[in-house]
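Novice: Okay, these came from Swiss-Prot:
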type	residues	note
BINDING	H60	O2 binding site
BINDING	H89	heme b binding site
DOMAIN	2-143	domain 'Globin'
MOD_RES	S2	N-acetylserine
Amino acid sequence: MSLTAKDKDTVRAFWAKASGKAAEIGSDALSRMLVVYPQTKTYFSHWKDLSPGSEPVKKHGKSVMGGVADAVMKIEDLNAGLLNLSELHAFTLRVDPANFKILSHNILVVMAIMFPKDFTPEVHVAMDKFLAALSRALAEKYR
């Protein structure tokens, strides 16, 4: 499922609205992932507090959404644009790439909750395709 020019424009336009709340989106999405998919906690066992909204969760959620913001800027070539992040996750952090899809789903849920009027079906499909493409780009170095 590739991103069309219209999808890319939709992602950019929605991100322009959502980016002001990126840290909140990231914190809530990561919190949800850790609760709903407790197996993902294994990657964060070095944190003292894994509870929803804790400082480590907020900090990493903000970092995740910084990566999403970077991906929006590099939407024309996500594989090349996210090469360093792909290498980090594959070789250093050794995150199972299946978790990218899990976190992407939670990001979509939070965006839909936080922006109910803006999260139209068109935005939903464009953001879903974008986050899937971002996940594939992050998984690129696993091959």
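Glycine is no exception: its Cβ is also placed from the backbone N, Cα and C atoms.
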Novice: Roughly how many angstrom lie between the C-alpha atoms of the residue listed as 'O2 binding site' and S2 (N-acetylserine)?
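Specialist: Distance (Cα to Cα, whole Å): 28 Å.
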Novice: Within 10 Å of the Cβ of the residue listed as 'O2 binding site', how many other Cβ atoms are there?
Specialist: 17
Novice: Are there residues of the same chain, six or more positions away from S2 (N-acetylserine), whose CB falls under 8 angstroms from its CB, and which are they?
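Specialist: Counting only residues 6 or more apart in sequence, the Cβ neighbours of S2 (N-acetylserine) under 8 Å are K129, A133.
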Novice: Would you report the average pLDDT that the model assigns to the domain 'Globin' (2-143)?
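Specialist: Mean pLDDT, the domain 'Globin' (2-143): 91.
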